[in-house]
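Listed in Swiss-Prot for this protein:
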CARBOHYD  81  N-linked glycosylation site
CARBOHYD  325  N-linked glycosylation site
CARBOHYD  423  N-linked glycosylation site
REPEAT    156-177  repeat 'LRR 5'
REPEAT    378-399  repeat 'LRR 7'
REPEAT    402-423  repeat 'LRR 8'
REPEAT    450-471  repeat 'LRR 10'
REPEAT    497-518  repeat 'LRR 12'
TOPO_DOM  640-837  topological domain 'Cytoplasmic'
């Protein structure tokens, strides 16, 4: 005990000292590898939770990796010792909060990775101390809000990755002081991007990712559409797909016109004009002192423009560009793309970031993938949507191993043969929407280990076989909306860490929680609207599961379609007892007032045990356990009872009404059955015995009329208990002519060694009893005839008839002699002495 106390106190003292003193060299705890004079410090999975306790490495510049540790909260000055770090990886730490000043001291930091954590907000003081940051990655978090001024100090920030979060809007002027060239906001909740305050500050961007947001294609999206139409062709901008209103659902924003977006005419036309640098109002000041002004003009009287304005040499016709924008565009246009073949009916362009080829074959009336000749080299993106492709063969993608995106949407594909995509190991996005696929099976997606986004909406899918998505361990987004699905197989999502799931507008009447929905452990968004939900007992489990989800995960509330009384009523507004009246039908005592129903729920849903139905397994196991415990307890009680009963001393029986039981005596006499002989020895010989006091026993209850009764004894002898009065009568009839012989009497009493041993054992055993005796009775053993003859031959004749009453004191001497073997010479001497008498 003292040892444990000593260890605990020592640990507390050491932890207290560690808070203020740096005692461990980081390279002694982590792995340090130098590559081309650059040190890489890998502290992944080494249980580090206080980096400020580590000494910095000796190198001038180094990369720090603290992934997969216990950094749940970053306190101020956490990395103050690592002033020469150029990159810091903090991914996969379940990081929930970053306090202001946590990055103080990282003045040389260029890259910061905060991906795959649980951050919910980026505050204005989150990035204090890292003003030289150029690359910030914060994807796959739970970020909902970004405070104004969060990036104001990051003047050199060029790459910002915020995809797959819960961001619904961007605050005004959030990017005003940053120099962004790459912005990724995919997979969020953004419905609109205003020009003023957001788009006007990202004029330097060369890559903008907009996919997988619920874009509201209304008048609010006209600024984004106008801005996209005026961007140079060599700038990569992801597709913005309309989600609302319903008549534009699934449409690309660039394919819509202004009349469709804003039919009422309010703000029906927008035009982005870049004004001369002479105007300073609301301008952006460049490092050389010039200010570029961008304003937004609304020309209500102007008729709608076409959605495809002509572009000459990357500059919008009729638009004037500032020197800054012009020089930037020219720099990208002067870059010589690699010589690569492009299929005849398609249009190819080189991606500016990695020089990968983007092949655009949209709406070229292509009947088969075999028409794409010559096959492009180093293709990263392949758009074949809007054609007439019906079948996809195994050999169609043999030369597209480097694809990152494959768009086969809006075709007439009915059959996809197995292992068609097996060689597309780098594919991250696959579009199969808008086809006529009816059935999904595992072989279709074989080989797509890195696939993250799968679009299967607007098909005729009726059945999905078990294990279909198991070959995609990185799948995060799955769109199955607008199909004909009625059910899903068990464990269909167990092999895919889905974050976003869309099952809207199918034929689901209910969805099981057990084995299906409970497998969605990383869910951030789910859409179940537009299904004919049957609001009965089968939907109670789904309702309980939805109630446990965090706010914002469910896109829209579910509405009942059947039964009729619940039509168009939101599921969450109905109580469980109303959905399932069986929950109220439980046996209970009679009460005059209604009592609230108690519903026992589990993660699998409510437990309903109808009368006569099977007993739940949990109750059965509990019952068996109770029975076993009771059985062991009863057996233990019986064992204790038996042991205690055996240890108790023999209970003395109380007297049976006879007051003489306490004075009963036990005497030994020999009784010969052959009384017809005249020999005096044949009658009886008295040997005085000590009166043994006995406890009260059952013999006390004998009637006075009973003079004796027999007990079983060793073979050849009988034990007879006689009354003391009978004994006295027998003594009166003793032959007076008989001579007294002590030896004779002893021999007659103990005719053999066995008898002697018996008496000796008997005398020794009497110590175990306290006052054992029977008052008024004697014990007699009949003598054997053969022993009698042997004694006569030894002694030589009959003795005189003398009765000697031994005194009580002589008994002890006789007793001592009986316990030892008799001497033959002594016997002869005593015999001679007696004969003389």
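From the backbone N, Cα and C atoms, a Cβ is placed for every residue, glycine too.
Counting only the Cα atoms, the space from residue 423 (N-linked glycosylation site) to residue 81 (N-linked glycosylation site) is about 47 angstrom. According to DSSP, the secondary structure content of the repeat 'LRR 8' (402-423) in residues is 0 helix, 5 strand, 17 coil.
Non-local neighbours of the repeat 'LRR 8' (402-423) in the same chain are 356, 378-394, 396, 429-438, 441, 443-448, 455; each lies 6+ residues outside the stretch with a CB under 8 Å from one of its CB atoms. Secondary structure at residue 81 (N-linked glycosylation site), as computed by DSSP, is coil. The Cβ neighbour count for residue 81 (N-linked glycosylation site), using a 10 Å radius and every protein chain shown, is 18.
For the repeat 'LRR 12' (497-518), DSSP puts the residue distribution at 2 helix, 3 strand, 17 coil.
The number of other CB atoms found within 10 A of the CB of residue 423 (N-linked glycosylation site), across every protein chain shown, is 16.
Taken together, the residues of the repeat 'LRR 12' (497-518) have an average pLDDT of 92. The DSSP breakdown of the repeat 'LRR 7' (378-399) into helical (H, G, I), extended (E, B) and coil residues amounts to 4 helix, 7 strand, 11 coil.
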